[in-house]
Amino acid sequence: MGSKVSVEESVRVVIVGGGFAGIAAATQLKSFGIPFVLVDLKDAFHHNVAALRASVESGFARKTFISYKDTFQDNFIQGKVVGINLQTQRVILESNEELQFSHLIIATGSNGPFPGKINNVISKDQAIQVYEDLVKEIQKAKHVVVVGGGSAGVEMAAEVKTDYPEKEVTLVHSKVALADVQLQPKVRRTVKEILLSKGVRLILAQKVTNLDQVTSNVAQENTVLQLDKNSEVVTCDLVLCCTGYKISSSSYSSAFGDKLAEDGALIVNDYLQVQGHANVYAVGDCAYINEPKMAYYAGIHARVAATNVRNSLIGKSLKTYKPGALSMLLSMGRNDGVGQFNGCYLGRFFVTMAKSRDIFVSKSWKEMGQTMPR
């Protein structure tokens, strides 16, 4: 992955956040022989790309959580980052422990509703059980409503309808077109065709107005969702929310107040350095870059940032990162999918074989040097 370099004792990279970007940066730095510490709230990496599959298939969740300690040993610290002191170059943890850094990689990702994300500080075993509990709730429900028709929402609706074809599944979306706005129209049309062919009912260009008054992820008969047009209501047994993803900025916002974009992401230059800070990088969802927030891009950012840390230490030119043509694969259940790569349409069979079968979980286990459970 990279040749090892000789560095001074004062060199220490702190990586804040252990999502796709964080583990990619840590793995790259490890291969370079550059000292680092990875900090995360959880004790295990969550392969949240596969969280929706874990919501419908019993036993799958244990494949989506991978121990940090088993991969990074003493280079991992479990803790909550509550502040960053740029003057003293220290990361401050909730426990009052302070981590000295020569370089900082911020990879805090984004927060969003369960089941797409796990935001609570719980153990790997507890997290797995939360998904197993949701599988049971979905199994109990006769009518499931998915709120939000972005990429997560369409995948969620497809997962439920694929594994439980007898259930009524409704998808409510505030816009007319489904999935990510940057996708080719042909991809978005195919997404709609797949959902309709599976029997998913689509309610488009409507918003749920009482979502904050409804309990999500728990089967409850006669749950009523109010829509914003024509006084329409939808009555169901279970609500799954796939909207409202926000940048996780709480750990760094006070340190970089004038370097934040409107959504809380950090403004970076072409080298992924935070504006005005040559030794601080932002990667993944928390970097302000005009492209969809995806694990695929987060990994690329992280490898560029880690390489630039190395290059800065050995006097080489830094690598630049420029968003290219969009690449995105949508898993529409285990047996279907659609997407595009570098702007080119990818057909359903290809995406099914490339992503939909295991949602790349085996790839993450391999990259972290561990054996995936059967």
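Glycine residues also receive a Cβ, built from the backbone N, Cα and C atoms like all the rest.
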Same-site residue for 6-hydroxy-FAD (record: Swiss-Prot; known: GLY17, GLY18, GLY19, PHE20, ALA21, ARG53, ASP285; options: VAL81, VAL82, VAL239, VAL309): VAL81
Entry from the binding-site residues list ALA21, VAL81 having the most other CB atoms no farther than 10 A: ALA21
Residue among the recorded positions ARG53, LYS167, HIS173 whose Cβ has the most other Cβ atoms within 10 Å: ARG53
Coarse DSSP state, helix versus strand versus coil, of GLY17 (6-hydroxy-FAD binding site): coil
DSSP state at LYS167 (N6-acetyllysine), helix/strand/coil: coil
Cβ packing number for GLY18 (6-hydroxy-FAD binding site), 10 Å threshold: 27
